Amino acid sequence: MTDADSSALADATASFLADHDEAERALETVLEVDSEAETWTFDDVPLDSGTFGELVSRGIVEKADGEYRVADAAVVRAVLSGEAVESDTGDSGSRDFRSAVDLGIWGDRRALAGLAGALLLVVAMRLTQFRSVFRGDHVVSPGNDPYYYRYWTNELLAESTSPTDIGVLAELPAGAAARRPLTHALNWWFATLLGGDQWAADAVAAWLPVVASVALAVVIYALAVVVTRDVRVGIASVVLLAVTPVHAVYTQVGFLEHRLHQYFWLGATLLALAWLAVDLTRRRETSADRDAVRDHLSSPATWLVAVGLGVALGASAHLWGGSSLLFVPLAAYVGLRAVIDAREDISPTLANLPVLVGIGIGTAISVWLHTNWGWHSGFVAYTPAMVLGGAVVVLALGDLWRQFELHVGGLLALEAAVVAAGLYALRRLRPGDWAEARSRADDLLLREGITETSSLFTPEYAVIFGPLIQLGVGFYLGVAVLIWAVWHVSRQYEPAWLLLAVYTSTLMLLAAIQVRFAAQFAVPLSVLGGVGFVYALSTVDLARRPLPFRRGTERPNAVAADGGRDEPSITLPDARKFGYVLGIGLLVCGFSLLYVPGLSGQVAHDDSAFEAALTIDEHAAGADREYPDSFVLSEWGDNRMYNYHASGESESYAYAMANFDDFRFGDDPDGNYSQFEDRVGYVVVTERETELPAESTHAQLLEDLGTGGDGGEALVHYQLLYADDDRSVAAFAVVPGATIEADAEPGETVTVSTSVSVDGESLTYERDVTVGDDGRLEATVPYDGTYAVGDDDVDVSESDVLEGAVLEVGADGDGDSN
């Protein structure tokens, strides 16, 4: 049969499966009869004439010598079992290479159309705060940390705007090279591709998170199809990722962080590992174990994927401060993989040789970047090397166990001992690295005081509802499949499912410690959730079961025409079934569709905060203030945003975190002025859920706007720049103030006052000053304008306020500056 005939027969079989509810049984019946005789009659098959006529008319069954036979049993079985229909012609080597690199989905127009629709949903869910990000010519990133990455993008662009200037990367500033060097390097490089100006930097800050989400979604789709051989699962996985609230928040438009890079390279690592696992598994279906391993190792695609794995691992090591954590599931996978390989009587070393090569390449990349360019700390840079060394040991032990046919339980125990010995050796031989590892672990896992450090299973949401808010209903579907996967790999040789089970379990444990890891958890979970969603549809006869759940059942060859094959496999259901599928889909995704805009909006900056930042920027420009004179003191959670827009200096919020609470909870803001020591130029206060005493600095600034209020003392070093109508935000310039001096009767109380207009709102600044025993009146004021001093007037300019001028009130009411 020619390639065209095989393809036509495959399509005809798929179409027959889609159009008839009992199609699987009919095909299984004729295949069973066909396997017992070369030709047979209609009376030999227990089918009605209508079904049998359909098989003949579609060319699945053909006449031969007056009787019937299946046109090509191998093709029909391939469609039923979810295998790709391969050509019998052409060079076997090139065919093997094409089969190896082909994910079986990229030529399927219907599948790609479904993927395109899912990707549009990914984009839509990340644009819910579009208006809050794009404000005129400004890109207002949500949250606080994105401004740290924008700061370093601008700093590197100031060094060079050429994408080929590698020297910039080789000499990163210490602050950029210490923790997240590759993230800063990639952000800078993408900006240089767009021209390297401020528009390019803003474009990267705004759109790179969305683009990276789309790229990750494509990787997730490929990962799901590689593991399950079902494009329906691939599309469902992308949809679940699209509506995962925590992932949508961290990758929404404008949210430039290390996370977008981290998620993508995590997905790429999983895809490479899964491809290597599935390639060997599929070869075992048609070949002896030794031949399958040999063919796996002789395929060019295997080594191409191994190189890709190495690049992904090398990149992952330098993306963020906690990179070492994501090598833990890799190490666990290799260790458990050695166990199931030995149990299956497959050489663990040979079966995992491409994985070892990939880890070796990742080690070389990571170590080279550290030793030559000074990227990251030594402990993190050498983490892949430690995993590589451990992998070599456990795989060698696996071969030993296989050779002596020992029980694999002992191998598991010995692997645990190897891990313990490795940690002990690190502690004794490299105490500095051990201390750094503990410090980083404490910082990543034990830090408190911010929302993302709470547990995914927080008691605040009755433990089980936290995942619903952060991950959606897909969490419950995914965990159900995770339980099945653990059971499945304990009985069957399924390294790809072992991979997903290990990564999902490890990341779920990290998310249980701190919810900041929930978005990483969502990457493998979305695949398991996609499987669960398609399986759920199959339980109500709206879809055929995913291929993994058909194996080992009483109908092992049952397959869906709209899924379960590596080749074109999407068909449109009738209107009734489509309505049911859509309804169930909305039920599964409905909560997330509500939570995504809400959670994304929580980290967006409102109009008042942004207007306050712009007002500070305008004042700093007019007063010719440069950093640190333009530093904005505020709550640490917004501090980088204010400082980025005021001066561009948004590297750290450490000063704000250390000092702002003491400042606002105190009761002497003018006394704090002397403590600022030219470190603070502006102050922003925002409303709190709990009220503070009226004498607190917070109340004096936000409620009284520094004017003293009812019976209070007007402040002398805080000039109001902005206050919104509902008093939720107020911004002040910290100024020396102009000092007004005059002669008056000792002990007399003199009122010093002026009218002030701030952002269209008028207020009266007034101070009652007691004249000293020497007959001298001194009053420091923070505003320019004409002041009434008793019966006299004095004009105070803005420069007088900013420079701390001393003004003498003359007999004629005029003020002289000293």
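Glycine is no exception: its Cβ is also placed from the backbone N, Cα and C atoms.
Per TrEMBL, the features are as follows:
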type     : residues : note
DOMAIN   : 737-786  : domain 'Archaeal glycosylation protein B peripheral'
TRANSMEM : 111-128  : transmembrane segment
TRANSMEM : 204-226  : transmembrane segment
TRANSMEM : 233-250  : transmembrane segment
TRANSMEM : 262-280  : transmembrane segment
TRANSMEM : 301-320  : transmembrane segment
TRANSMEM : 349-369  : transmembrane segment
TRANSMEM : 381-401  : transmembrane segment
TRANSMEM : 408-426  : transmembrane segment
TRANSMEM : 461-484  : transmembrane segment
TRANSMEM : 496-515  : transmembrane segment
TRANSMEM : 521-543  : transmembrane segment
TRANSMEM : 578-596  : transmembrane segment
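Outside the transmembrane segment (301-320), and at least 6 residues removed from its termini, the chain residues within Cβ reach (under 8 Å) are 97, 100-101, 179-183, 258-259, 261-262, 265-266, 268-269, 272-273, 275-276, 279, 326-327, 330, 354-355, 357-366, 369, 375-376, 380-381, 383-384. Applying DSSP to the domain 'Archaeal glycosylation protein B peripheral' (737-786) sorts its residues as follows: 0 helix, 34 strand, 16 coil. Tertiary proximity for the transmembrane segment (233-250) is limited to same-chain residues at least six positions away from its ends with a CB under 8 Å from its CB atoms, namely 105, 111, 114-115, 117-119, 121-122, 124-126, 128, 209, 213, 216-217, 220-225, 257, 259-260, 263, 469-472, 474, 477-478, 515, 518-519, 522-523, 526-527, 529-531, 533-534, 546, 563, 585, 588-589, 592-593, 595-596, 599-600, 603. Panel annotation: around the transmembrane segment (381-401), residues 313-314, 317-318, 323-324, 327, 330-331, 334-335, 338-339, 341-342, 347-349, 352, 355-356, 359-360, 362-363, 366-367, 369-371, 375, 408, 410-411, 414-415, 418-419, 422, 426, 433 of the same chain, lying at least six beyond its termini, place a Cβ under 8 Å from a Cβ of the stretch. Counting Cβ pairs under 8 Å to the transmembrane segment (461-484), the top-ranked stretch among 111-128, 349-369, 408-426, 496-515, 521-543 is 521-543. When Cβ-Cβ distances below 8 Å are used as the criterion, the transmembrane segment (578-596) is approached by residues 125, 128, 239-240, 243-245, 248-249, 468-469, 472-474, 477, 533, 536-537, 540, 542-543, 572 of the same chain, each at least six residues removed from its ends. Here the transmembrane segment (349-369) has long-range neighbours at 181-182, 272-273, 276, 280, 293, 296-297, 302-303, 305-318, 330, 334, 337-338, 341, 375-376, 381-385, 387-388, 391-392, 395-396, 398-399, meaning same-chain residues at least 6 beyond its ends whose C-beta is under 8 angstroms from one of its own.
By the Cβ criterion (under 8 Å, sequence separation of 6 or more), the transmembrane segment (496-515) is not in contact with the transmembrane segment (408-426), since fewer than 3 such pairs are found.
Sequence-distant contacts of the transmembrane segment (521-543), counting only residues of its own chain at least 6 positions beyond either end whose CB sits under 8 Å from a CB of the stretch, comprise 21, 216, 220, 223-224, 227-228, 230, 232-241, 244, 246-247, 263, 266-267, 270, 456, 471, 474-475, 477-482, 485, 500, 503-504, 507-508, 510-511, 549, 560, 562-563, 573, 577, 580-581, 584-585, 588. Sequence-remote contacts of a segment are chain residues at least 6 beyond its ends whose Cβ falls under 8 Å from one of its Cβ atoms, and for the transmembrane segment (204-226) they are 103-105, 115, 118-119, 122-123, 126-127, 133-134, 139, 141, 146, 149-150, 153, 187, 190-191, 194, 233-238, 241-242, 247, 250-257, 260-261, 263-264, 267-268, 270-271, 274-275, 278, 496, 523, 526-527, 530-531, 566.
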